[in-house]
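Per TrEMBL, the feature domain 'ABC transmembrane type-1' maps to A:293-525. Annotated transmembrane segment per TrEMBL: A:20-43, A:55-78, A:90-112, A:118-136, A:148-169, A:181-204, A:216-240, A:260-280, A:292-318, A:338-356, A:363-381, A:508-532, in sequence order.
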Amino acid sequence: MAGATRTPLVRADASRPEAVASLAMAIAVGLIAVGIASLFGLVPIDAAIGGVPTVTALGGLLVVLGAAVIGLGVGSALGYIETEPSPNAGLVATVGFAFVWFVLGGLTASLVLEGGLAWLPAGAVTGGAAFAMTAATREDIGSTLPAGAVAIVVGGTFLTGTIGPVWVWDLGFEQQASMTATFLVPAATIACGLLAGWAAATAYGGFGARGRRMGAYLLIYVNASAIIGVLFLLIAFTAVRGIPGLLTGATVGSGVGPTVSVLGVSVTLPVAVPFVMNGVSLLNDFQGVLPAIVGTVWLVVGAVVLAVPLGVGAAVFLTEYAERGRLTQAVEVATNGLWSTPSIVFGLFGFTFLVPRFGGNKSLLAGMVTLGFMLLPLVLITSREALLAVPDEYRDASAALGVSKWQTIRSVVVPAALPGVVTGTILGVGRIAGETAPILLTMTGGTFVSGDRAADVIGGFAFTSQPPFVTNPELLQATTALPFQLYALITAGVGLGDNVSNPVEFQWATAFVLLLVVLSFYAVGIGARYYFRRRLRHE
Amino acid sequence: MSETTPTTKTDRPAKTDQSTEADQPTEADQPANEPDVTTAADATNGDGATHTTAGETDEQVREEWREYDFEGMAKFAVEDLDVHYGDDHALQGVSIEIPENSVTALIGPSGCGKSTFLRSLNRMNDRIKSARVDGSVRIDGQEIYQDGVNLVELRKRVGMVFQSPNPFPKSIRENIAYGPEKHGDIETGPLARLLGRSDAAARDRLVEECLRDAALWEEVNDRLDDNALGLSGGQQQRLCIARCLSVDPEVILMDEPASALDPIATAKIEDLIEQLSEEYTVVIVTHNMQQAARISDQTAVFLTGGELVEYGDTDQVFEDPHSERVEDYITGKFG
C-alpha cells in the first residue's frame with residue numbers, strides 16, 4: 001500500500017515516560033476537580049490545603065504539571081522517548097492555542113498597562129507566537145509546549161502571589177462588577193488543567209493518531225464526569241441544606257406520630273416528622289408544609305389524568321386515521337409551538353378563562369386543568385412518535401387475521417407504544433410539577449395553609465340527588481403547592497411566623513421536599529415504563 | 001382433497017432435475033438485466049397471441065400456456081385482474097383458477113407482481129393507499145371485489161403468513177388466541193370470568209390444536225406464557241402459521257414464508273405446508289424454485305411486467321415449459 005506508514009507492532013519499554021504522563025494526567029484531573037469544587041465553595045480559596053495556602057498549592061501543582069508536559073514534548077523531540085508524532089499538531093489545536101495565548105497576553109497587558117488599547121497588540125503578539133509555534137513545529141513540540149507554558153505562567157502568578165486570595169480586578173464598569181480571585185483562580189485552574197491534561201494524554205498515547213485519540217478520550221471523560229458530578233452536587237447540596245430543616249422536631253418512637261386510618265384500620269405511625277406532617281398554625285410546635293405537598297401531588301395527578309387520555313387519543317387519530325397532509329402538519333406545528341409557550345401564558349389563560357368559570361376564585365381544579373393543558377402537547381408529541389415507531393408488521397398481521405382497525409390499535413399498537421407514552425409523560429411531569437407561574441395565577445390562595453386544610457380530594461366527593469349529582473368542594477378551593485410556597489418564602493419572605501425558628505432551614509427543607517416529590521414521580525414513571533417494556537420484550 | 005390434484009408430491013422426479021439445473025452457470029451471453037416490456041404490452045388480450053416482449057427472447061404469450069385443467073373444485077377464480085400502484089401497472093390482466101386443497105406456487109423474478117397478486121386474494125392491497133384493483137376475484141363463486149364484502153369474514157377465511165416472522169409482542173398463548181378473542185369466538189375477559197362464561201379451557205384447547213397443526217407444540221408446550229419474541233426465527237414463523245390457523249381459514253396465503261430462515265427451519269415449514277394442503281388451500285410465493293418444485297402441485301410463473309406467462313402442473317412447468325422465457329428463468333439463465 002502506497003503511503004501507508006508502518007509502525008512497530010509492539011512498542012519498546014516505555015514505562016517511565018508513560019508513568020510521567022499518567023502522573024501529569026492525574027494532576028490535571030485533580031486540579032479540574034478542585035477547581036470545580038472551589039467554584040461551588042467547597043474548597044475555600046483563602047484557606048489552606050495541608051498547611052499551604054490554597055492558591056499557592058494550586059500554583060505549585062500547575063507549574064509541576066506544565067513542566068512535566070513540556071518535558072514529555074521535549075524528550076520526544078530529542079528522541080529520548082519513543083513516539084510517533086504527526087508533522088504538526090493540527091488545525092484545531094493550533095487555533096485553540098492561539099486563542100488561549102491571545103487571551104492570556106491581552107489580559108496580562110491590560111492589567112499591567114492599565115487601560116488603552118495596548119492589550120490588543122500584546123494579545124496579537126502572544127497569540128501569533130503560539131500560532132506559529134504550534135503550526136510550524138512537529139506535533140510533540142507543537143501540542144505540548146504552548147499548553148505546558150500556559151500552565152507554568154498561570155501557576156507562576158499564583159505561586160509568586162501576583163494573584164492571591166484577595167486579589168480583585170476592578171473592571172471599572174458602572175455596575176461595579178469586578179473579577180475576584182474567588183472566581184478567577186478556580187476558572188483559570190480548570191482551563192489550565194484541561195489544556196495541559198489534554199497535552200499529557202496526547203503524550204501518553206505517543207502523539208500521532210493514537211495520542212490524539214487519548215487526548216479526545218480525556219476531554220470526553222472529564223466532560224462527562226463533570227456533568228454527572230455537577231448534577232449530583234446539586235442534589236447533594238440541596239439535601240445537605242434541606243435535611244436539618246426537614247428533621248426539625250422529628251421523633252421516633254411508638255405512638256408519637258399522627259394516626260392514619262387506611263381502609264378503616266387506624267394506625268398510629270411510629271415516626272413523627274412535623275415538617276411533612278403539619279401545616280401552619282399558631283399552636284404548632286413545629287410548622288410544616290403538608291398542604292403544599294398534598295397540593296402538588298393532586299395537581300400532578302389531575303394534570304396527568306386530563307392530559308394523557310386526550311394526548312394519546314389525539315396521537316392515535318393523527319397517526320392511524322388522519323391522512324398525512326396539511327391537517328397533520330398544522331397540528332404538529334401547533335403542538336410544538338404550544339410546548340414552547342411560556343408557562344405564564346398558560347397561567348394567564350387559566351386566570352382569565354378557567355377561574356371565572358370555576359366559581360370566580362382560584363381553585364385546585366383550575367390549576368389542574370391549566371397544568372393539564374401545559375402537559376398535553378408533550379404527551380401528544382411523544383405518543384405520536386411512539387405510535388409511528390410501532391412496526392407496520394403488527395398492523396398487517398392483525399389485519400390479515402380479520403381484526404378491525406380499532407381493535408388492532410387497542411390491543412396491539414397502543415400497548416406496543418406505551419413505554420414511549422410513559423417516557424413522554426415522565427418528562428412532562430418533571431416540568432409541570434415545578435411550575436410556579438401558572439399555579440400562582442390559577443390555584444394558590446394563602447401562602448401558608450393549616451394542616452387540616454390540606455386538600456382531601458377523595459374525601460371531598462359527595463353525591464347529591466340533584467344534577468350534577470357529584471360535588472367536590474375541595475377541588476374548587478384555593479390551596480397551595482410546593483413551588484409556589486418556595487417562591488413566596490424566598491422572594492417575598494411572607495408567612496414565616498415566630499414559631500419558625502430558622503427561616504433559612506425552612507426554605508431549604510421546602511426545596512428539598514419539592515425535589516423529593518418530583519424524583520418520586522420520576523421513580524413511579526420509570527417503574528411503569530420498565531413494567532410495560534418487560535411485558536413487550538422477551539425478558 | 002389431495003387426490004383431486006393431478007399428481008401426488010412423492011412420485012415427482014423434480015428434485016434430480018432441479019439439482020442439475022442449479023449447477024448450470026448463468027450464460028455469459030445472456031443479458032442479466034430484465035427485458036423491457038414494449039409499450040404495446042397490453043394492447044390486446046385473448047385469442048391465442050396477446051403481445052410480445054423484448055428481452056432475452058422475443059416471444060408471444062399464448063393463452064393455452066396459462067390454461068390448466070384440474071379435477072375438483074376451484075377455490076379461487078381470478079379474471080382479468082389488473083393492479084396499479086399510482087401510475088405503475090403491477091399486474092396485467094391475470095386470469096387463473098386455483099384448485100382447492102392443494103399447494104399452488106407463484107414464482108418469478110423480483111417485481112413481477114407475485115406478492116401483489118397474493119395480496120389481491122384477501123384484499124390486503126386495500127391497505128396500500130395508492131393501489132387500484134380492477135377485475136374479478138371469486139372465492140367459492142363469490143366476488144370479493146364488490147360492495148358489501150365483509151373484509152373481516154374474508155380475511156378470516158383467507159389467512160396470510162408474511163415474509164418475515166411477525167408475532168405480536170405478547171405471550172405465545174396470547175398470540176394464538178388473539179384472532180378468536182377479537183372475533184368474539186372465545187371470551188376470556190374479566191367480564192366473562194365474572195359471569196362464569198370464561199372459555200379459558202376452550203382457548204387452551206384451541207392453542208394446543210393450532211400449535212400441533214403448526215408442528216410447534218412439542219417445542220413450546222412448557223412455555224406458553226413466554227414472550228413470542230424469544231422464539232427462534234423458524235419457531236416464530238411456525239407460530240405465525242399457527243396464529244393464522246387459529247381463525248379456521250379455508251385458504252392460507254404465504255408470502256415467501258421461508259426466505260428469512262435457515263435450511264432446517266425451512267425444511268420444517270415445507271413439511272408443514274405439505275400437511276396443511278390436505279385440509280387447506282395453500283398459495284405460496286417463493287423465490288426458491290427448488291422449493292416450488294418440491295412442495296407445490298401446480299405452479300404459476302409471473303415474468304417481468306406483471307403478466308402471468310405460464311400456469312400448469314408443477315412437473316410440466318419445471319420439466320417441459322411451453323414458454324422459452326420460462327425455461328430460461330427456471331434454468332437460471334436470467335432472473
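The first residue you see is number 1, and the count goes up from there.
Using N, Cα and C of the backbone, Cβ positions are placed for all residues, glycine too.
Caution: TrEMBL annotation is automatic and unverified by curators.
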Tertiary contacts of the transmembrane segment (A:90-112) (same chain, 6+ residues out, Cβ under 8 Å): 118-120, 122-131, 133-135, 139, 142-143, 146-147, 150, 153-154, 169, 191, 195, 212
Cβ contacts the transmembrane segment (A:55-78)/the transmembrane segment (A:363-381), at least three under 8 Å, sequence gap 6 or more: no
Most Cβ pairs under 8 Å with the transmembrane segment (A:363-381), selected from A:20-43, A:216-240, A:338-356: A:338-356
Most Cβ pairs under 8 Å with the transmembrane segment (A:181-204), selected from A:20-43, A:118-136, A:216-240, A:338-356: A:20-43
Contacting positions for the transmembrane segment (A:216-240) when only residues 6+ beyond its ends and CB under 8 Å are counted: 25, 29, 32-33, 36, 40, 194, 197-198, 200-201, 508, 511-512, 515
Residues from the same chain, set at least six apart from the ends of the transmembrane segment (A:118-136), whose C-beta lies under 8 A from its own: 88-89, 93-95, 97-110, 142-143, 145-146
